[in-house]
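Novice: A single structure is presented below for examination.
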């Protein structure tokens, strides 16, 4: 039994989809994280264990501590979690480089990220550059993609430097406006595109009067694009069991109330006609109480009538049974009525 369960469990594991592999950080991301933690460590230890008293002594002692190996060791100990194998591996491989920067290169290369990740490890590029040789992004390193997009591979040794434009912009330098946007300002290096009015497919300005072409669901009336009321069309766009609601640029078909046969709007007050079992009362479809009508709804003798939404139910009372034209009292119930407290005889048992 246990072997069967184990085999079944193993088969289930094989059939289950594999867990999604977590995306590993790139070498540049690992290097940047290490540098960020190093800089944070420097900030945390900047005035450690000094807090008032003999100022001259503090300045002298602090100056020694600032560049000491003790401080470096404290910073290095906080760079990687014990469970982060890749971080610890990188630190072990580059420990001597970090010590060299700390002891003799920090003054000439104050930007640790640039010296360590860009120049030494060649894992990253400076902002605005990309790829193995850290080439400038499209539009230049100062304002890649004219400031209106992202440079593929920006700051890394990856990517192709092409521009991925923000919403509203297009073109190799993200300087042109997409359909639905207009140019507010443009020169050789800068471009500002703003959204057209919702009624415009293309436009030259912000209002519905600036439309060059109307969007679908809108039509030009005089000098502006206005909403088309599809619900007012000669042939309604919705089915007979629905009503039409106009919205800007389109329409919505909503279901009629369950009591309606056709409707002009929401709820039982907007029914064109009522379904069977309902009738118009005070302007809306209401349930007919068939059991209270002058003409009896339940035709069989002794039968009880119960009203339900849109209909009624005919049921024989307790102690009665159905026949074709009446509810007939059962023999057992007749005996009980004649002798309500008399116990059953031995023969009856």
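Backbone N, Cα and C define each Cβ position, glycine as well.
Take a look at what Swiss-Prot says about it:
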type: DISULFID; residues: 28-31; note: disulfide bond
type: DISULFID; residues: 137-151; note: disulfide bond
type: DISULFID; residues: 145-163; note: disulfide bond
type: DISULFID; residues: 165-174; note: disulfide bond
type: DISULFID; residues: 260-263; note: disulfide bond
type: DISULFID; residues: 291-305; note: disulfide bond
type: DISULFID; residues: 298-314; note: disulfide bond
type: DISULFID; residues: 316-327; note: disulfide bond
type: DOMAIN; residues: 133-175; note: domain 'EGF-like 1'
type: DOMAIN; residues: 287-328; note: domain 'EGF-like 2'
type: CARBOHYD; residues: 187; note: N-linked glycosylation site
type: CARBOHYD; residues: 248; note: N-linked glycosylation site
type: REPEAT; residues: 190-237; note: repeat 'FU 1'
type: REPEAT; residues: 250-297; note: repeat 'FU 2'
type: MOTIF; residues: 28-31; note: motif 'CXXC'
type: MOTIF; residues: 260-263; note: motif 'CXXC'
type: SIGNAL; residues: 1-22; note: signal peptide
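Thinking about packing and proximity, how do these listed features fit into the structure?
Specialist: Residue environment of residue 31 (disulfide bond) contains 22 other Cβ atoms, counted within 10 Å of its Cβ in all protein chains.
Counting every protein chain shown, the Cβ of residue 151 (disulfide bond) has 24 other Cβ atoms within 10 Å.
Summarising the environment of residue 163 (disulfide bond), the number of other Cβ atoms within 10 Å of its Cβ, over all protein chains shown, is 24. Taken residue by residue with DSSP, residue 163 (disulfide bond) is part of a strand.
Using a 10 Å Cβ-Cβ cutoff, residue 174 (disulfide bond) registers 24 neighbours.
Same-chain residues at least 6 positions away in sequence with a Cβ under 8 Å from that of residue 263 (disulfide bond) are, in sequence order, 243, 256, 257, 270, 271, 272.
DSSP gives residue 305 (disulfide bond) a strand state.
Residue 298 (disulfide bond) falls outside any helix or strand according to DSSP and counts as coil. Sequence-distant neighbours of residue 298 (disulfide bond): residues of the same chain at least 6 apart with a C-beta under 8 Å from its C-beta are 291, 304, 305, 312, 314.
According to its DSSP assignment, residue 327 (disulfide bond) is in a strand. The Cβ of residue 327 (disulfide bond) has 19 other Cβ atoms within 10 Å, all protein chains considered.
Packing against the domain 'EGF-like 1' (133-175) from elsewhere in the chain are residues 26-28, 118, 122-127, 181, 186, 189-191, 193-195: each is 6 or more residues past its ends and has a CB under 8 Å from a CB in it.
Computed over the domain 'EGF-like 2' (287-328), the whole-number mean pLDDT of the model equals 93.
Reduced to three states, the DSSP call for residue 187 (N-linked glycosylation site) is coil.
Listed in sequence order, 198, 199, 217, 227 are the same-chain residues at least 6 apart in sequence whose CB falls under 8 Å from the CB of residue 248 (N-linked glycosylation site).
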Novice: Which one, from the disulfide-bonded residues 137, 260, 314, has the smallest tally of other C-beta atoms lying within 10 Å of its C-beta?
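Specialist: With the disulfide-bonded residues 137, 260, 314, fewest surrounding Cβ atoms within 10 Å: 314.
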Novice: Considering only the recorded positions 145, 187, 316, 327, which residue has the minimal Cα-Cα separation from residue 31 (disulfide bond)?
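Specialist: Ranked by Cα distance from residue 31 (disulfide bond), first place goes to 145.
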Novice: Do you see any of the recorded positions 145, 163, 165, 187, 327 whose C-alpha is within 10 Å of residue 137 (disulfide bond), and which ones?
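Specialist: For residue 137 (disulfide bond), the recorded positions whose Cα atoms are within 10 Å come to 145, 163.
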Novice: Would you kindly give the Cα-Cα distance separating residue 145 (disulfide bond) and residue 165 (disulfide bond), rounded to the nearest Å?
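Specialist: On Cα coordinates alone, these residues lie 7 Å apart.
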